[in-house]
Amino acid sequence: MAAANATKISWRLQEFEAHSSSVSCLALGKNSGRLLATGGEDCRVNIWAVSKANCIMSLTGHKSPVECVQFNTSEEQVVAGSQSGSIRVWDLEAAKILRTLMGHKSNITSLGFHPFGDLLASSSMDTNIKLWDVRRKGYVFRVKGHTQAVRSLAFSPDGRWLASASDDSTIKLWDLAQGKTITEFKSHTAAVNIVQFHPNEYLLGRCRYSKHVYSVLCAFFSPDGGCLFSGATDTLRVFGWEPDRCFDTVPVGWGKVSDLAVCNQQLIGVSHQLSSVSSYVVDLKRVKKSGGSPKDPRGAALRKSYARPSTTCSSQRVKQRSESERRSPEGERRSPSEDEGDEKLSSAEIHNPEDFKEIFQPKNAISRTPPKMSEPFPAPPEDVCNFKAPPRIKLKTTSMFVPQPSANSRPAALSDEDELSQIKKGHATMCVMLSSRRKNLETVRMAWAREDAKNALDIAVSMSDLSIVVDILNILNLQPSLWKLDLCTTVLPQIDKLLQSKYESYMQTGCTSLKLIMKHFWTLISDTLRATPSVGVDITREERHLKCRTCCKQLKNLSNIVKNKASQVGRHGSAFKELQLLMAPLDDAV
């Protein structure tokens with residue numbers, strides 16, 4: 001068996017139910033690679049030891065779904081941000097709430113601890129970035145500049161800078177001592193969802209999300225800074241630079257991986273689906289992490305290395321605002337009684353005392369012997385890890401395939417032929433449906449090739465099959481350059497149907513299309529409707545004005561739908577809240 005295990009590059013470590021409802025976020029402890037925090041729509045944060053299916057600790061206090069979670073550098077604290085904009089910090093060693101921080105107006109999208117001190121950075125759908133002093137319970141300052149939701153935050157290893165990535169396709173670098181932007185990177189064509197600092201040199205890694213190419217879901221520099229690990233759907237890639245190149249590609253069955261960490265020459269990847277969490281291991285000894293040709297020495301010679309401070313960093317290293325600025329009107333100031341009341345409602349329930357004591361309590365004890373090193377995760381036998389487990393599907397026999405016998409009759413055993421016949425009935429129906437859909441799509445494709453996207457979409461709408469419309473929009477959403485104002489007039493009524501559909505994928509497509517229209521066409525629509533009427537007859541302008549007025553009316557109707565759905569709990573509510581913020585200018589529309 002040892003010989004068999006030596007041949008494995010990747011395998012699934014475990015799968016377990018993490019929450020009573022859907023898991024919305026998770027994070028690995030980067031220091032050990034052995035600690036996992038999960039946040040759920042049940043408003044809880046659960047702490048786990050990687051490879052163990054029993055929850056160590058459950059942290060409560062949030063009143064809305066947890067949207068973001070993160071460990072500090074030493075893994076002694078964990079912070080979680082909620083859909084309502086509240087932030088809570090727990091002390092894991094003491095098993096108690098440490099701080100409750102209020103101030104954001106919308107979903108928390110990213111959190112990050114300062115590498116040395118007690119500072120915490122947070123970002124939100126409200127486009128603001130805030131800096132907090134966790135120990136002193138203080139709001140330090142706010143930085144503004146992004147025009148859309150901020151998706152990722154990262155402190156530089158020396159603690160002097162903060163990088164932020166946003167849906168507005170930019171990355172901003174902030175000087176914490178001055179409280180202002182150092183530089184801005186704009187050479188992106190899509191939303192940037194990940195930003196990472198190199199551990200040693202002045203290098204910044206960024207990743208963007210795109211549905212039609214290799215889409216990076218998470219990234220992590222190797223501890224020695226020699227390469228960048230990039231996690232995508234069922235794939236790990238290892239990148240280098242100077243020159244830019246991919247060293248290795250490893251297939252891993254982790255689905256949409258959410259976070260990565262490195263421990264004992266193994267890369268740990270974790271993903272979540274519904275209420276379950278899965279962890280995977282990649283043996284880095286069998287992964288290529290460097291190229292045959294040497295790096296270009298000129299780049300490294302021009303860059304500096306971070307100068308680590310000799311003493312612990314504190315909030316005094318960061319620009320301080322006046323007392324009046326700290327007490328801003330956005331809700332940063334709260335009375336002590338309010339905070340104490342919130343913190344009394346928060347708790348840390350220890351479910352596994354043995355693991356809790358083993359992981360957190362030894363840090364308070366002095367040992368005369370070196371700490372015991374954790375062993376690498378062992379690979380399973382060859383015959384159980386060379387395939388990706390199919391998703392678990394629950395079938396109701398009362399409505400599918402095999403009829404349920406009545407209570408008064410004894411269950412009759414069906415032969416293999418009878419069971420196969422029952423299955424084929426459903427299969428035949430599905431084949432007819434898919435054949436019809438393929439035929440319709442072929443008609444639309446021919447219309448698109450012969451004329452344009454607008455004509456193809458008109459034909460798709462005339463077929464009275466919303467699935468065809470969804471297929472076309474999924475293509476158009478990836479190519480904003482194909483959109484024109486007259487296309488919007490056709491799409492908007494269909495978005496109305498999609499947002500009220502019972503299918504999650506339909507709602508997601510509708511949200512994406514609506515976001516694209518608001519981002520690329522609202523300024524044109526608004527300016528056209530506010531413009532002073534021209535003198536004389538201008539047919540082109542009058543046609544554009546009519547289209548803009550039609551679009552504005554449809555957008556106002558959609559805005560009401562979005563507002564109603566923004567109150568929903570969970571992932572859908574989060575998406576509709578983002579749209580609500582984006583559609584706020586409609587309230588002032590003519």
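Note that Cβ sites are derived from N, Cα and C of the backbone, with glycine treated the same way.
Per DSSP, the repeat 'WD' (16-58) is made up of 0 helix, 21 strand, 22 coil. For 16-58 (among others), the entry in TrEMBL reads repeat 'WD'.
What TrEMBL records for 32-186 is domain 'EML-like second beta-propeller'.
Through the fold, the repeat 'WD' (59-100) approaches residues 24-32, 35, 37-47, 106-113, 115-116, 120, 122, 124, 126, 132, 134, 137, 339, 342-343, 345-350, 356, 360-361, 363-364, 569-570, 573-574, 577 of its own chain, all at least 6 residues removed from its boundaries and within a Cβ separation under 8 Å. Taken from TrEMBL, the feature repeat 'WD' applies to 59-100 (among others).
Mean pLDDT of the predicted structure over the repeat 'WD' (101-142): 87. Annotated repeat 'WD' per TrEMBL: 101-142 (among others), in sequence order.
Among the features that TrEMBL reports, repeat 'WD' is placed at 143-184 (among others).
If you look up TrEMBL, you'll see 288-379 marked as region 'Disordered'.
Annotation comment: TrEMBL describes 308-317 as compositional bias 'Polar residues'.
Per TrEMBL, compositional bias 'Basic and acidic residues' is recorded for 320-360.
Per TrEMBL, the feature domain 'Katanin p80 subunit C-terminal' maps to 425-583.
Residue counts of the repeat 'WD' (101-142) by helix, strand and coil are 0 helix, 23 strand, 19 coil (DSSP-based). Mapped onto DSSP classes, the repeat 'WD' (59-100) shows 0 helix, 24 strand, 18 coil.
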